[in-house]
Amino acid sequence: MKINGISYRSLWRPSDDASSIRIFDQTRFPWNVEILELRDVGAVADAITSMQVRGAPLIGAVAAYGLVFALQDDASDEALEKAAAFLVATRPTAINLRWAIERMVARLKAVRPTERVAAGYVEADAICDEDVQVNEAIGRHGLELIREIWERKGKQGQVNLLTHCNAGWIATVDWGTALAPIYMAHDEGIPVHVWVDETRPRNQGSLLTAWELGSHGVPHTVIADNAGGHYMQTGRVDMVIVGTDRVTAQGDVANKIGTYLKALAAHDNNVPFWVALPSSTIDWRVRDGVKDIPIEERSADEVLFMTGLDSNGEAGRVRIAPLNSPAANPAFDVTPARLVTGLITERGRCDASEAGLQSLFPEQTKAH
């Protein structure tokens, strides 16, 4: 996608320094566009935990390179396994991270230690390229849903969509998951409008999704997190579409905190609730998401403080709660499959159920 007319991926290896990677510092959006250089496993881990890089597919791709960096001086099995465990622990909820590391470890253990760094770069590059192709396919399948809504409306007015958090191109290597169909619909000439949940406490909707959509020229409106139900109740939402950090084998969906409340409101108002995801986000080893998906607890400061621009246009942080008030900060919640209209994957759409997922991924029936 583009920033100021220039095409970027959210992660790349510069041609003149192929032993490092570049990412955007997502904690600086939208006020500043800053590029970070990462060239060692510690820097990669810090970027993931600090959320300078975020989004389930993207952190998996970044971690893949981090594993290669860790092997520069010692490519033994012991070093490989130690680095893999270190990286997997950085964000416990997003399954793409574990998926990417497990894929890398399997590939690297198949070659001699002296060949692992070179083979690792090839595999990490492949993960990135595949992510772009997968997300483009998700976009095409989701676009069909938006077309259907537009046609049902007699091609009158606009298609109103609601999204939560950020599942756009900066959350993946390119295109995004939940936003990919929206970009394609807009580019096709379908008049879409997006209600953008602010997504407290880190405001990834108001800061990141709104910035992405605005940069692409997509009409949108930022709303308070608690306003979504009202807009659904008053007939101003045609479809909810979100991304996810982990989907279980029976279709439960872990996503940014607050997603479950949107699903409840959508269910109560007969608004379709769709989840867009690459197959790398499916955890075939877990069935009950509420019981078995670990939920990351982040710093209370993310709830107690807020960052924004002051009247002079300077970025700053202010406390928004009393000095003696504690805060809790679960980063994710789980939406039960019964509240999900369907899943949009690179292979097509399906019901949020074990049967639905296996209809698209029959090879997993035998594997698990």
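Note that Cβ sites are derived from N, Cα and C of the backbone, with glycine treated the same way.
Neighbour list (ASP245 (active site, proton donor), Cβ cut-off 8 Å, at least 6 residues apart, same chain): ALA56, THR93, ALA94, ILE95, ASN96, ALA254, ASN255, LYS256, THR281, PHE332. Residues annotated as active site, proton donor in Swiss-Prot, with sequence analysis given as evidence: ASP245.
Residues annotated as substrate binding site in Swiss-Prot, with sequence analysis given as evidence: ARG54, GLY55, ALA56, ARG91, GLN204, ASN255, LYS256.
Secondary structure at CYS165 (site 'Transition state stabilizer'), as computed by DSSP, is coil. If you take the C-beta of CYS165 (site 'Transition state stabilizer') and look for same-chain residues 6 or more apart in sequence within under 8 angstroms, you find ASP197, THR199, GLN204, GLY205, THR209, VAL242, GLY243, ASN255, LYS256, GLY258, THR259. Annotation comment: Swiss-Prot describes CYS165 as site 'Transition state stabilizer', evidence class sequence analysis.
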Next on the checklist: Can you give me the same-chain residues 6 or more apart in sequence from ARG91 (substrate binding site) with a CB-CB distance under 8 Å?
Outcome noted: ILE48, THR49, ILE59, LEU97, GLU296
Checklist entry - Near the substrate site, what residues other than ARG54, GLY55, ALA56, ARG91, GLN204, ASN255, LYS256 in the same chain have a C-beta no further than 8 Å from the centroid of the listed C-beta atoms? => result ALA94, CYS165, ASN166, ALA167, ALA171, GLY243, ASP245
Checklist outcome for this item: Per DSSP (three-state), ASN255 (substrate binding site) is strand
Checklist entry - When DSSP states are folded down to helix, strand and coil, where does GLN204 (substrate binding site) land? => result helix
